[in-house]
Amino acid sequence: MVNRAHFVILVLAYRLLVPLSAEPDQTRESYVVYMGGGGVEEEAARAMHMEMLTSVAPAGGEQGRAAAALTQSYHHAFEGFAAELTEAEAAALSGHERVVSVFRDRALELHTTRSWDFLDVQSGLRSDRLGHRASGDVIIGIVDTGEQRVARDTGLRRVWPESASFSDAGMGPVPARWRGVCMEGPDFKKSSCNKKLIGARYYGSQPGSSASSSAAAAAVTATGGSPRDAVGHGTHTASTAAGAVVPGAGYYGLARGAAKGGAPASRVAVYKACSLGGCASSAVLKAIDDAVGDGVDVVSISIGMSSAFQSDFLADPIALGAFHAHQRGVLVVCSGGNDGPNPYTVVNSAPWILTVAASSIDRSFHSTIVLGNGTLVKGIAINFSNQSITGGQYPLVFGPQVAGRYTPVSEARRSPHLSLTPYHALCSNCYPGSLDAQKAAGKIVVCVGTDPMVSRRVKKLVAEGAGASGLVLIDDAEKAVPFVAGGFPFSQVATDAGAQILEYINSTRNPTAVILPTEDAKDDKPAPVVASFSARGPGGLTEAILKPDLMAPGVSILAATIPTADKEDVPAGKNPSPFAIKSGTSMACPHVAGAAAFVKSAHPGWSPSMIRSALMTTATTRNNLGQAVASSTGAAATAHDMGAGEISPLRALSPGLVFDTTTRDYLNFLCYYGYKEQLVRKLAGAAFACPHGAPSPDLIAAGVNYPSISVPRLLAGRTATVSRVAMNVGPPNATYAAAVEAPPGLAVKVSPERLVFSSRWTTAAYQVSFAIASGGGAAAAGASKGYVHGAVTWSDGAHSVRTPFAVNVI
């Protein structure tokens, strides 16, 4: 997870390092040229793209120059290409009559078991009764870091077996509609694919490359040009979505149980568009295009831009690819980002994307600290400390007490618990170079986490490098997300527990402690809780669509990995684990993709928006204590934290009503948002006219048939009215009555208050009106400025169809 402020500083530093003397018309960068909807044959598309490049190439050798410049051609679900261009060439292409937008090929970020059992329990339904409705005909496309089938431990000279999570035992033939391929590369052969992992592709272009496309491709091939996952992220997300059931899985004895994906009967196709350094926009767009052409049903993308640098919808590769995937009946599920808990940080917020927030599950990992006076302090971490085996106690010191002689003091601050000179105070954060190895050796060092620029891994490496016997970190940030420290004794505590430890250090001449190895605790309460890192709404591009859409488990998720990843975390004397425990909205996203595939298998004729609606309207907003789900801050979670709530896949099989958001809705959205009709028509790839009244951002909420409601501006004395159309997918002759959860000070009216459906597949329209309560009484007295939240729930006695709303009172 990249800290937002850190990312901004890195970008500014990079810009300072770029030579100012470089001529803009001579520097070549990778650009994406997007040409809108449609689709043509591959050879015809490539010829057209070459012709367009030739038209802007310098005189002399135009054809060869164009061939070298072209890096990707998009032709399945939409038209366009990526190429190495100068700024002048990109500007010339942007004026071409067939071009919708031209944008730089930027790097996107990776947004980095028991979770499925927890979701089943929370649903209150019997999974064995409903699970038989799932089939193996659904294909999930994973756009990520690739897939790992076989790995070698060269030190032990042994071959690791194929990951059990991708075993095809008991699976039937690959669906006949599958049109994909299994590309080969180092350590990945066609035989690596099977009836579970049915396809694999990889992409070689990198953003910002000034080399020719052939040279870039050669470089990628030399460094592992294959679908093989060299990071572990893609393997983890793929197995979370659709991994086979693996009994006895675990992480060095922790989190033991059966590991499985959300749709273990589904097929997997992987599209390696990312590496450890990030994901090229052009490669991600090509991966989505290929996935649609190959015949996938659901695409899972745990990737996104930084919330600090979001692009508009027509310059966002994921938004563009997802729009055309929806046109072709493919649901795209994306992580919402890890820049929380601040508002306006959610990314991948286009209305045709299912945007996912992250939550905790009912399992935690405790690493207890035993102080010399016998006090037990509960911390959070994953470590395999041997201190309890060796016996005895270790000297316990605060970082500044073992400060290096030349520790910088530029940002020092005085600790409230120990008397420190500014010379030493910086050591409390365990900055690199801040600890004296002679003083710290053999001791457990206590550090604080007041500077987000220094990650937990860096602090751990600083303490380990200084010869410390362990590290206690005092930090409220990410306190519920365990850091994996391997064999190094590590534990993180909140500030109240940290104060207790510092007071103990101050109270005795020779303070000592022991950090115990991690133990996992099940049935943790309360759960779920919105993860601290999970990005929050409202959306930065538009507040008229409520984002995120849903929440799913994303903290401490056990899933498959490559056995060679994270070697420094392997405990002494142990072989690398085929499973890993990871956290992030990256982990939440494939949970929803797997749930969507599960629903798709039971309802193969449902559109992507019907599946999304089923997942949203059946989501739960209560935790395992029966109380309202809380945010990481302890306050009640709102729709800007968790969307409609925590997914409940079993309930989503029978939602009663759904909201079918059509392509026309999304095109209208773009018109209301402010795009010119000519551009929207190119995006549609067909005849289209913007609705009357566009552009008008205030009409977005009213004009898009979305399973949630967001009113960005509600003025005193005004009424905001939105329309929705519900479709009955339950029994015929059904009557639904509306119930409203309205916050104080907000008057909410539903008209009509009852919806009657004579048969299945019929629709009924209704309106929801919002106004600031007038007159006296408690309602008016409780009115407040800013966003307030509530919900409208339709019920026929057997189904509850909940649509959350957020209203910004001006």
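Cβ from N, Cα, C; glycine included.
Among the features that TrEMBL reports, active site, charge relay system is placed at D144 (among others). Proximity of D144 (active site, charge relay system) to non-local residues of its own chain (separation of 6 or more, Cβ distance below 8 Å) is seen for L110, D229, H233, G234, T237, A238, V270, Y271, K272, A273, C274, S300, I301, S302, I303, given in sequence order.
According to TrEMBL, the feature active site, charge relay system maps to H233 (among others).
The active site, charge relay system annotation in TrEMBL covers S586 (among others).
Look at TrEMBL and you will find 30-111 tagged as domain 'Inhibitor I9'. Confidence for the domain 'Inhibitor I9' (30-111), expressed as mean pLDDT, is 85.
Annotated domain 'Peptidase S8/S53' per TrEMBL: 138-625, in sequence order.
In the domain 'Subtilisin-like protease fibronectin type-III' (704-807), the DSSP tally of helix, strand and coil residues is 4 helix, 62 strand, 38 coil. Here TrEMBL flags 704-807 as domain 'Subtilisin-like protease fibronectin type-III'.
Per TrEMBL, the feature signal peptide maps to 1-22.
Taking H, G and I as helix, E and B as strand and the rest as coil, DSSP gives the domain 'Inhibitor I9' (30-111) the counts 31 helix, 29 strand, 22 coil.
In this structure, H233 is the one among the active-site residues H233, S586 with the smallest number of other Cβ atoms inside 10 Å of its Cβ.
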